[in-house]
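Chemist: Structure provided below as structure tokens; questions to follow.
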Amino acid sequence: MFSCAKAYEDQNYSALKRACLRKKVLFEDPLFPATDDSLYYKGTPGPTVRWKRPKDICDDPRLFVDGISSHDLHQGQVGNCWFVAACSSLASRESLWQKVIPDWKEQEWNPEKPDSYAGIFHFNFWRFGEWVDVIVDDRLPTVNNQLIYCHSNSKNEFWCALVEKAYAKLAGCYQALDGGNTADALVDFTGGVSEPIDLTEGDLATDEAKRNQLFERVLKVHSRGGLISASIKAVTAADMEARLACGLVKGHAYAVTDVRKVRLGHGLLAFFKSEKLDMIRLRNPWGEREWTGPWSDTSEEWQKVSKSEREKMGVTVQDDGEFWMTFEDMCRYFTDIIKCRLINTSYLSIHKTWEEARLHGAWTRHEDPQQNRSGGCINHKDTFFQNPQYVFEVKKPEDEVLISIQQRPKRSTRREGKGENLAIGFDIYKVEENRQYRMHSLQHKAASSIYINSRSVFLRTELPEGRYVIIPTTFEPGHTGEFLLRVFTDVPSNCRELRLDEPPRTCWSSLCGYPQQVAQVHVLGAAGLKDSPTGANSYVIIKCEGEKVRSAVQRGTSTPEYNVKGIFYRKKLAQPITVQVWNHRVLKDEFLGQVHLKTAPDDLQDLHTLHLQDRSSRQPSDLPGIVAVRVLCSASLTAV
């Protein structure tokens, strides 16, 4: 998979390395030169920077020294603790870092074959729906012979500095990494989906049930190979880097390096005792300033845990920036968690698999309202439905749906200055079961995301069976940009873009006719259906000019709520729309009755309560039961 990563800027690693070895020169990257242009957007702030190769910084340079560890990393002078925290999380997952650092053994320095070294490295990152292979030379920025950005504990270990350089190249320059987002880096390292969680909402510090539920979700992400980060929000500039009395630092992104339930007690008593404590281990990218509260490295609470359990957890008494704390304390002191879940789409896995739909789209401006695709959020009602629209289906009675929208990063496309993200979000609407054309009026809103100027927005929601439309938007109309929409469901969702506003006119339209009316039929429910020992297992079918829409079966009730809609583009207005009610049975379904709907050219959404009829009867009430229906009709095909 990763050997097929797309070459960034068409730079081929193997070809460039072969050329350097043939010429016996060290690689110099023309696309990311050792100049101030690679450091800053504008100007040359700070001390004079000298670019040096690892061999000029130390005697025995290595990619890794004694393997890779979350303890390897330290933050540099740029405000990129978010990136260092993401790297710390990455370092704890061998299967993940080996994808980001491909063929690491081949890239490692070989003291026995110095002539095989060409000063060139490559790293893989997931960007905007695909893996890209980014090439860098080994020249690194230094001041007084010290690396000024991300660096390792060991002076001769360079993997983190080189990964950071490749990431800076992808972003445009090193300055672009100042004040970035951990969620973005976690996605770029994994191709997963980041879910931000605000710990200040929902009374998590005091509500044990909610806290336990969240811990189980965090534990599941960790146990299935995902990456997690946590932070304490700095409200003001003065808050940045402020140290709390408990030792935690505001404005820092901490890497979560372990999550587990810790058994309390000693010996057999501990084995049979049911009491366990929800614990989480974190690491500060600065490698110091640890938590000093309960369960810190030297706290007496560790006496409650057996020596073997402590050894298994890796508890050490060192000021190395890594520490344990209870999840309750974490919810009390931290304000944000980012869970980057690895979406499992493999059918061979024992864990839950997801079906992923991935679609690229864009917000574009146009003077013609039918071609404009930048309508802004729902606040702008006149233009909202001009945005891109995507339809998908939930095919189970209820399904957990994960939705992510990511805008194309602008940092790497604006060398004259820092590219700002647009404020983006999306709404999800429950629509007719057979909708094939774009929405033009409001329907039931099933869910909605927040609007925020981050690179991506995520929503996890439970949706009942049916068809839905996602409308991704910028907050303000007229803003343009590309985006990637990802929809994850338990079964295939058939997600696709709705491009047409109405049925297209073809050469057959003059012969077969063209729709004169659009009709939306909403069957709300029924009452008084034919008695059954176990209650009716009923469903409805809406029929119109050869097209059918069927509801889900409502089991064990004579007063079902169908809440099903159909939309029909009508050519033969004299023909009525028929709504049939059926009882589902094992061998053969039973007909319970039907109603006919005659529509006016412009029917309002009036509620009709109609008695069921037999198929051949003209009498209004010869069968038990009534059905409640709303009908909306319009001669304008873009009215609904």
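Counting begins at 1 with the first residue displayed.
In case you wondered, yes, glycine gets a Cβ from its N, Cα and C as well.
These came from Swiss-Prot, pasted as-is:
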| type | residues | note |
| --- | --- | --- |
| ACT_SITE | CYS81 | active site |
| ACT_SITE | HIS252 | active site |
| ACT_SITE | ASN284 | active site |
| DOMAIN | 26-343 | domain 'Calpain catalytic' |
| DOMAIN | 499-617 | domain 'C2' |
| REGION | 344-496 | region 'Domain III' |
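Are these features on the surface or tucked inside, and what are their neighbours?
Modeler: Around CYS81 (active site), taking its Cβ as the centre, 27 other Cβ atoms fall within 10 Å, counting all chains.
Here the Cβ of HIS252 (active site) has 23 other Cβ atoms within 10 Å, regardless of which shown protein chain they belong to.
Secondary structure from DSSP puts ASN284 (active site) in coil.
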Chemist: May I ask for the distance between ASN284 (active site) and HIS252 (active site), taken between their Cα atoms and rounded to an integer number of Å?
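Modeler: Distance between the two Cα atoms comes out at 8 Å.
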Chemist: Within 10 Å of the Cβ of ASN284 (active site), how many other Cβ atoms are there?
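Modeler: That number is 26.
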